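Database features, via TrEMBL:
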DOMAIN    11-365  domain 'Ionotropic glutamate receptor C-terminal'
DOMAIN    21-77  domain 'Ionotropic glutamate receptor L-glutamate and glycine-binding'
BINDING   P86, T88, R93, S253, T254, E302  L-glutamate binding site
TRANSMEM  135-156  transmembrane segment
TRANSMEM  197-217  transmembrane segment
SITE      I232  site 'Crucial to convey clamshell closure to channel opening'
SITE      K259  site 'Interaction with the cone snail toxin Con-ikot-ikot'
DISULFID  C314-C367  disulfide bond
SITE      K348  site 'Interaction with the cone snail toxin Con-ikot-ikot'
TRANSMEM  382-403  transmembrane segment
Amino acid sequence: DSRGPEEGLPTLTVTTILEDPYVMVRSAELEGYCIDLLKALAAMLRFSYRVKVVGDGQYGAVSARGNWTGMIGEILRQEADIAVAPLTVTSAREEVVSFTTPFLQTGIGILLRKDTVSQEMSFFHFLAPFSKETWTGLLFAYVLTCFCLFLVARLSPCEWNEPKNEENHFTFLNSLWFGAGALALQGVTPRPKAVSVRAVAAVWWLFTIALLAAYIANFTALLSSGSEQLPIQTFEDLVKQRKLEFGTLDGSSTFYFFKNSKNPIHQMIYEYMDKRRDHVLVKTYQEAVERVMESNYAFIGESISQDLAAARHCNLIRAPEVIGARGFGIATAQASQWTKKLSIAVLKLRESGDLDYLRNKWWETSCLHKSRDRWSPLQPQALGGLFLTLAIGLALGVIAAVAELLNKSRRAAGHVKKSCCSIFMEEICARLRIKENTRPSQET
């Protein structure tokens, strides 16, 4: 593929690699993201070009003999002037060639087939709408509320007027039953009479109504999503499982990223791929996608290319974690006059929105519209205000109960000629069943 030389314009030999959607053959011509990018650069910088596909089908790595392969090798051997392709900028490549400003940002992700990672519905699937932290907070709120009901019902004289002669219906077990009934939106006995006890009950009812609404909404979203969360969310999950084999492109920057990484998980991934390199490493990206679709295989590679594969093939999905942020750049020979010119042109295309237009043009597929939003369990932060409201209501209920008891103690103190404080303490001890240290009284 070439752009015919014009009078007075320099002609550049451009090396590239066949990879969808960057460079593809359609009707004996090349098209794709990189071809459109090359046309825009040529129009901006006014040069002609001739495009050739790299001979060995490689991106560029150091061979066993110490020579560079792929597009990097062709630039070093002066077989090409520039490389316009999904070529990752790495320190090793930067030592032998020069790169422009990246025209695409990407990272390293995991491409999976949906049916190889889907789990059967758990026996406790009904617990999935809330996270473990949320369930723990709910249990703590339930026990604390029931304890406050029990405490306030004992302290309030409007609920329990004569501790020595009356039975308090709000025992701790009854309080637990009252709280559980509210969680199920069922009216249960005993029924509160005092304002303080009713305040605690009312705030708990408000809490349970909002909580049940959140649970039902999230559970409905979970059921409509059709599947649980992926069991493989991170690279650590990939290492721990034994069902899937995993690998990457042989000689790619992704392979050397894991080789050079000091992260223990990354080292385990590299050792696995290195020991089984003849079996798990693939030669081309198309081979990787086909292997993921046809076998129990997970492909580790550029996340932006995996997003396209997941969009084109609706039975594929990319795991959420992306590591090793990196970019695709245009490679030129060192000290080339075109490096800075191309970098400035790429920046202008980004500022004008042309790069975003090209990304949307070549990544748009029907699967993107069919895909559903990822579902996730409800975290405690989403219900923070609800828990705070419950805490304030419980505190107000306890304060109201103490105020009611103080009011009764003040009236009783006027009749028996004792201090209000002593009457209050006697009431507290009687209601909480605390034995006082009494001394034998002396008769006058």
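Cβ atoms are placed via backbone N, Cα and C, with glycine included.
Unlike curated entries, TrEMBL annotations are predicted automatically.
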Same-chain residues near the transmembrane segment (382-403), Cβ under 8 Å, at least 6 residues beyond its ends: 134, 137, 141, 144-145, 148, 151-153, 155-156, 194-197, 199-200, 202-204, 206-207, 210-211, 214
Rounded mean pLDDT for the residues that make up the domain 'Ionotropic glutamate receptor C-terminal' (11-365): 87
DSSP-assigned states of the domain 'Ionotropic glutamate receptor L-glutamate and glycine-binding' (21-77) in counts, ordered helix, strand, coil: 20 helix, 15 strand, 22 coil
Shell list (L-glutamate; ref centroid = CB of P86, T88, R93, S253, T254, E302; cutoff 8 A): Y59, L87, V89, T90, T106, S252, R326, F328
Spatial separation of K259 (site 'Interaction with the cone snail toxin Con-ikot-ikot') from R93 (L-glutamate binding site) - C-alpha basis, Å: 15
For K348 (site 'Interaction with the cone snail toxin Con-ikot-ikot'), the one of P86, T254, E302, C314 that lies nearest, given that the recorded positions are compared by Cα: P86
Pairwise Cα distance for K259 (site 'Interaction with the cone snail toxin Con-ikot-ikot')/S253 (L-glutamate binding site) [Å, integer]: 10
Close in space, distant in sequence - S253 (L-glutamate binding site), Cβ under 8 Å, 6 or more apart: Y59, T88, T90, R93, R326
Same chain, 6+ residues apart, C-beta under 8 Å of the C-beta of P86 (L-glutamate binding site), given in sequence order: I17, E19, Y22, C34, L104, E302, S305, F328
